[in-house]
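*Asks:* Next up is a structure, given as structure tokens.
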Amino acid sequence: MLQASPLKAPPPAPPWALQAAFTALGLSSFMLSNALWAEMPALVSALPEGNKLGSYLLLSLQAANVVPVIAMLRGPEVVHLESIIWALLLGGVVASQLMSFCWAATTPIPGAGGKSHALSLILLTFLAGCINNSSSLFLYPFVARWERRYVSALATGEGLSGILVSLIGLTQNVGGARPRFSVRAYFQGVSALYVFSLLGFLFLLQEERHKKARVALSMDRVVAEERETAWQGGAKKRVLLSVKDEDSDALVVPLSAPTLAPAPVLALIWPFLLAQFGISLWAYGVIPALTPISTSGYQHAAHVLQYSSIVSMALDPLSRALTHRLRCYRLPLLVVLVNVLATVLCVAAAISPRPPFVDQPLGGLFVVFFNGAFTAAFAFTSTMVFFCIHRALGPRHGLPLPVHARRAGGADEAPGLQEDACALMVGQRRGGGRPVSIGRGEGEGEHAGEVGPGGEEEFVQVLRRQDGFRWSGFIVQVGAFVGALATFLLVA
């Protein structure tokens, strides 16, 4: 009698491929925002707002925070994470294409003394803000379902978007007398970059499906072995992680875990959220609007502004990538450093058009240096905030209550998350039970684990980390809006 060959799950993707995919996905986070600032020398010289254009665009960007605010108020139960990310990526393609055709259009504003304003660009910047400002709110909860090291990969991608758009601007010779290609071609190139993010996200979704398949096969094998052992031993041995009858789609998690309720998420992470608010206020709300003003007094102001943006955007991903190897959990010291550097840049803008070293041929290097130093300090600190939240919501800070996870339907379902989280986390250490190979060979590798009591704890930790990352992304937008509004009222 022929025996059917067992099903084989797809092999796991190598870690470097997953890191590359998360980096590509991170490119989409602030692509359009970085593109606007990299192209600022050309926009300032062509549009009627002049050096005040930065404050107008920044306020428009931060006014778009209404989207993440609504998402937070409605709660995670109405959010299908994958669908939202698809919408953000496709929206970036559409918005950048619209910018390529409408960036130079001006509209007379009644009551403004007959002056025209770049209303089309301001409205499209609002659309870009709706896309970019929502990215942290959804991308970081997505990466929370994976290993901690992929947080650095996603954050590195966020910074790399600045480098790529700056390189395009440098190739264009933005702000120069003879640019190599037009502003329209520039924004179309930005639109093409979103294709890499789409491909990276598609790869990650495919790997998640493969991982679920590997988990399902491993669970079936464990259940079969446990049942066979119980039958042969003649005793009723409890199946540690069992699947109900085939007509039921419920996945039952054992109820033998400790019953100590977890501490509330906000009670554990509020100091990190406060730090995130302060540094985001400077980085996304104040400094970008003041940079065109602080550079306007130097010789070759357009080039000083250009290189200030390029250096800052280059140091951002390098600082985030540094968290792969070097991590500093002393957030107060990092926050103080960010505040000191931001204060120097604010003073330079306040005394413009006579900023420091304005009479020196290379005086513009002062602003370039401090912009780069500020960006590097902010990028490192911001990424460390996410690491601190990841660690604070780990297993050491309270044990979650048992949960009853269901793949479909049910009042106790953690909507939209439980199947992904349970499938992604089932390969971690469960305690008790047999080792299970989840993609790296029997009982070894970081994806190997044991199925047994306590698996629901890690499942709940995934949900708590997603909640913490969601709050952190929301606080980033709140700080950015407060800073942008304050700067607009002072400057415009």
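Every residue gets a Cβ built from N, Cα and C, even glycine.
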*Asks:* Choose the correct range: of 261-281, 471-491, which one does TrEMBL annotate as transmembrane segment? Give that range.
*Replies:* 471-491
*Asks:* Using a threshold of three or more Cβ pairs below 8 Å, and leaving out pairs closer than 6 in sequence, do the transmembrane segment (471-491) and the transmembrane segment (150-170) count as in contact?
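*Replies:* When sequence-distant Cβ pairs are counted, the transmembrane segment (471-491) does not touch the transmembrane segment (150-170), since fewer than 3 lie under 8 Å.
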*Asks:* Hey, which bits of the same chain come close to the transmembrane segment (85-106), Cβ under 8 Å, at least six residues off its ends?
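*Replies:* Non-local partners: 28, 31-32, 35, 43, 46-48, 116-121, 124, 127-128, 130-131, 134-135, 138-139, 142, 183-188, 190-191, 194-195, 197-198, 201.
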*Asks:* Based on Cβ pairs under 8 Å, which of the stretches 118-143, 185-205, 363-389 lies most in contact with the transmembrane segment (471-491)?
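*Replies:* Looking at each of 118-143, 185-205, 363-389 in turn, the most contacts to the transmembrane segment (471-491) are made by 118-143.
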*Asks:* Could you tell me what the rest of the chain brings near the transmembrane segment (118-143), counting residues at least six beyond its ends with Cβ under 8 Å?
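*Replies:* Non-local partners: 22, 25-26, 28-33, 36, 43, 47-49, 53, 56-57, 60-65, 67-68, 71-72, 76, 79, 81-82, 84-85, 88, 91-92, 95-96, 98-99, 102-107, 109, 150-151, 154, 386, 466-467, 469-470, 472-474, 476-477, 480.
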